[in-house]
Amino acid sequence: MDIRPNHTIYINNINDKVKKEELKRSLYALLSQFGQIIDIVAMKTMRMRGQAFVVFKELAAATNALRQLQGFPFYNKPMRIQYAKTDSEVITKMKGSHGDKEKRKEKKKKPQEPAANLAKKPAVGSVVPVLAPVVQVPDNPPNYILFLSNLPEETNEMMLSMLFNQFPGFKEVRLVPGKHDIAFVEFESDTQAGVAKDALQGFRITATCAMKVTYAKK
């Protein structure tokens, strides 16, 4: 029996040695390419280890993520993804008793409403930052190695590998010791590097940092 498509995807078979906060950041980095994420729920209780729920704003984003990342090697384990049974499964599975659930729902609702309104307002102006990457970032001649800059402090090799691994020809990510905001990514050819560069130009690993991608100097 198929579960009907909805905004929430349920992921399991996740490597349970990954710390909760790192897991949430990595899931955000990997999944936000498909669309706006409203919430990521991951818990480290015995019953919920190796599992997470991701709530997308758009149904199409949830569908694309499910199709394209099914079996994706996430921390060396293939992800298993399905739609959550209902959007509310996030709440029912994560929270304990009904009374507790209702209280938490009420708490959740209050801060969320103004947040939702805030989210709507910048969305009008957000066309500008979204289009900003089209204004050419000064670049070097084509190269099979890409240079990444403006990376957030919490960036790690795993996050970047997951982002670039989806492009053909990906070889490796190289971080620069002592400099958290830059990295190099190597591809088999400059053409393949160019495809990844164009696709991930301005990609936001966190809400505030839009990654800059250029060809590395030869």
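Numbering starts at 1 and runs along the chain as it is shown here.
Glycine is treated like the rest: Cβ placed from N, Cα and C.
Caution: TrEMBL annotation is automatic and unverified by curators.
As given in TrEMBL:
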- 7-86: domain 'RRM' (DOMAIN)
- 94-120: region 'Disordered' (REGION)
- 94-103: compositional bias 'Basic and acidic residues' (COMPBIAS)
- 144-218: domain 'RRM' (DOMAIN)
Looking only at the domain 'RRM' (7-86), report the model's average pLDDT.
87
Tally of residues which DSSP labels helix, strand or coil - the domain 'RRM' (144-218):
19 helix, 27 strand, 29 coil
How many of the residues that make up the domain 'RRM' (7-86) does DSSP mark as helix, as strand and as coil?
26 helix, 24 strand, 30 coil
